[in-house]
Amino acid sequence: MNNILKYTNKQLQDLLAENNFKKFNADQIFEWIYLKNELDFQKMTNLSLELRKFLNENFNSQLLEELVCQESNDGTVKFLFKLCDNRSIETVLMPQSYGQSVCVTTQVGCNMGCTFCASGIIKKIRNLDVDEIVAQVYYVNRYLKNKYPNDTTGKNRVSHIVVMGIGEPLDNYENTLNFINILNSPKGFGIGARHITVSTCGLVPKIKAFADLQLQANLAISLHAPNDEIRNQIMPINKAFPLVKLMEAVDYYIAKTNRRITFEYILIDKVNDSVESAHQLAALIKGKNAYVNLIPYNEVHENPFRKSTNIDNFFKALKSKKINCIVRKEFGADIDAACGQLRAIREGILK
Ligand code: SAH
């Protein structure tokens with residue numbers, strides 16, 4: 001039985017029309033699910049009894065099962081969810097000054113093999129289906145509604161999405177796009193594309209395809225190195241798509257969408273954090289409509305990498321070359337918030 005959260009509004013319209021219902025029923029169903037938080041088809045009282053029966057017989061509206069919910073002192077909340085095949089995934093809520101941001105997972109495990117990342121400790125087992133990605137946001141939305149029942153400031157709903165959890169979203173391309181479509185739908189979550197950020201390690205053909213769609217979503221590139229030598233050591237994807245190809249795709253994206261791109265750059269002790277690396281990075285991205293998010297490395301005990309002690313100097317060196325950059329705030333340092341850490345710990349892979 002298919003989960004109703006899998007369908008974009010258009011897909012649901014087509015499906016209803018094929019079964020002799022009205023296309024506008026899709027809007028009604030979306031409103032019940034996403035605006036009124038009602039998942040029980042029987043309670044969707046403006047639908048005909050016949051349609052409710054059809055929904056009951058053909059769909060379920062199951063959410064994910066919460067295994068762990070860790071709240072950090074800084075407000076970050078990390079959820080570990082169980083999927084129907086007993087696999088687990090994680091989702092992080094990060095309260096920000098501008099709204100409630102949720103970091104979603106797109107795959108069970110990850111095949112990109114970045115050596116510094118805890119997610120890759122578990123190889124990709126499968127892609128998440130659309131409903132499993134949607135359900136993460138749905139769940140956190142409901143959590144916020146319960147936590148702030150009388151709120152009028154917007155704290156009680158998810159307003160921003162970062163697709164930066166476990167997995168490579170562009171390696172689960174169609175499902176990620178349908179997820180974005182459901183987020184965007186005015187009858188769905190109503191989250192504007194500009195409030196959605198997709199992060200990729202650099203799958204060049206998919207970056208170009210994504211650019212061609214001309215969505216207003218933000219694209220973040222996990223760059224993490226200023227040259228091929230360093231990038232090859234820490235990100236195997238660079239062997240397939242070296243920097244010259246990646247930068248060509250970045251230029252293509254900027255030209256097609258007229259959007260500013262974000263480069264993420266984790267600062268790892270003695271790997272990529274020298275002033276010389278900063279100068280190389282500046283030369284690599286000079287003149288592009290882009291800015292750099294410098295990220296203090298979140299240590300994973302099982303690997304040899306350590307957090308940089310040269311963050312200030314790196315930042316100043318980039319600034320001196322007139323590169324737009326910020327040092328990203330760290331979240332949930334007290335609750336295993338590094339990518340993949342919670343799940344890896346639960347599955348006994350990390351201490
Ligand atoms: N596969 C996508 C999205 C998932 S990772 C990508 O590579 O962009 C999200 C971001 O967290 C990436 O920039 C990733 O490199 C970074 N990251 C992974 N492990 C980290 C760690 N231990 N500390 C800080 N950032 C980390």
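Residue numbers in this text run from 1 along the chain shown.
The backbone N, Cα and C atoms fix where each Cβ goes, and this holds for glycine too.
A quick note: this is a predicted structure, and the numbers were derived from the prediction, not measured.
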Among Ser101, Ser199, Ser274, which residue does TrEMBL name as a further S-adenosyl-L-methionine binder in the site formed by Gly167, Glu168, Ser222, Leu223, His224, Asn298? Ser199
Between Glu168 (S-adenosyl-L-methionine binding site) and Cys114 ([4Fe-4S] cluster binding site), the C-alpha gap once rounded to whole angstrom: 11
Hits among Glu90, Ser199, Leu223, i.e. recorded positions with CB under 6 Å from ligand 1, come out as Ser199
So the record assigns Gly167, Glu168, Ser199, Ser222, Leu223, His224, Asn298 to S-adenosyl-L-methionine. If I measure every Cα pair among those residues, what is the longest distance in angstrom, as a whole number? 19
Residue pair Gly167 (S-adenosyl-L-methionine binding site), Cys117 ([4Fe-4S] cluster binding site) - Cα distance, angstrom, rounded: 11
